[in-house]
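Input: a single structure, listed below in structure tokens.
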Amino acid sequence: MQLASLSTLNYRNLAPGTLSFPAGVTGVFGENGAGKTNLLEAAYLALTGLTDVTRLEQLVQSGEREAYVRADVQQGGSLSIQEVGLGRGRRHLKVDGVRVRTGDLPRGSAVWIRPEDSELVFGPPANRRAYLDALLSRVSARHAGHLARYERTVTQRNAALKAGEDWSLHVWDDVLVKLGTEIMLFRRRALTRLDELAREANAALGSRKTLILTLSESTTPETYAEDLAARRSEEFARGATVTGPHRDDLTLTLGEFPASEYASRGEGRTVALALRRAELELLSERFGEKPVLLIDDFTAELDPGRRAFLLDLAASVPQAIVTGTERVPGTAQTLRAHGGRFTPEEEAAPADPVTADPVEAGA
Ligand SMILES: Nc1ncnc2c1ncn2[C@@H]1O[C@H](COP(=O)(O)OP(=O)(O)OP(=O)(O)O)[C@@H](O)[C@H]1O
């Protein structure tokens, strides 16, 4: 999978235009607010159709009504064109001119590593559940379908609970148990591999503590129907479905303790990076090729070991785009970001061994 070029129009602060990306690492450096994150966000959206922004109009340049991003994607010798049009609350996707849904874009096409990934570790359980759901939805379209239907069912069932509609609950319960059971079983199967990959990555990052990923389930596939029935009066009182996979947590145990409560900031950052490398590996295994790797602000990573890990990871995949406030070492292409524009730069010339050191040069 390779992003041959990215075009944007009216996307956040990015100047309209097209950027080409070679194989290898593209380094993008520039001052704060130059548009580096926006570039990666646009690339991720065009490659995957995904964005974590709930209000799509935030992505549209202020003063404009619509935005557009396009990725020319090279995959196994053929080129395809992926387009995303954005308007007020709307997102239109096309592949080679044909309208598609998000799940129809190549699901293993990109992984995005960001400084705010620490929130996967220290944020609320919903963050870890969202990481797991998003990743597993990319691994399996069937699972994505089950999740979407399950969430709709929870919403409808909650409305019935709030309205005190005792008579309609058995209909929702049947659907909930069927979908919830599928979701729990798939999560359990996928987690076996994800746990191994995250553990390996955490060790590769130099952590001396073992990382273990487990599901903290509010119910089980075997007992879901009974557990629902047992909590019926509580559910009516709260007007909400209180048990099921929408309440489960992905627990990250580092050494002996839950990372979310006990890990140091640095340990948490290492765990977050391990989760992202595990995501990269799981998608590579599933789709038989490495995703495009997008690393936002490697300069925010102050620890030399983790910074080297990020740069090594970028060098290990066929294509990566790495941003920072300093030049990225070892790149195939360097772009300087300024005011939403990206200008190709010559690689910094290697220092002249004779004149580089003024003491030596003057001697
Ligand atoms: N919808 C929008 N319309 C216009 N400008 C926007 C929009 N959304 C964000 N911006 C601007 O984009 C700029 C931020 O760009 P971005 O986050 O990509 O910077 P950056 O180069 O990654 O900076 P840093 O190094 O601080 O992370 C901000 O100045 C912000 O005001």
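From the backbone N, Cα and C atoms, a Cβ is placed for every residue, glycine too.
Curation does not apply to TrEMBL; its annotations are automatic.
Looking at 4-27, 148-171, 196-219, 340-363, the stretch flagged in TrEMBL as region 'Disordered' turns out to be 340-363. Neighbour counts of Cβ atoms within 10 Å were taken for the binding-site residues G30, G33, A34, K36, T37; the minimum is at G33. In this structure, G33, G35, K36, T37 are the binding-site residues from E31, G33, G35, K36, T37 whose C-beta falls under 6 Å of some atom of ligand 1. Taking a C-beta cut-off of under 8 Å and a sequence gap of six or more, G35 (ATP binding site) has these contacts in its own chain: R12, N13, L14, A337, G339, G340, R341, F342.
Just so you know, the Cβ of N32 (ATP binding site) picks up 8 other Cβ atoms within 10 Å once every protein chain is counted. Cβ proximity to the ATP site centre (mean Cβ of G30, E31, N32, G33, A34, G35, K36, T37, cutoff 8 Å) flags the following additional same-chain residues: T323, T325, A337.
In the three-state DSSP classification, K36 (ATP binding site) falls within a helix.
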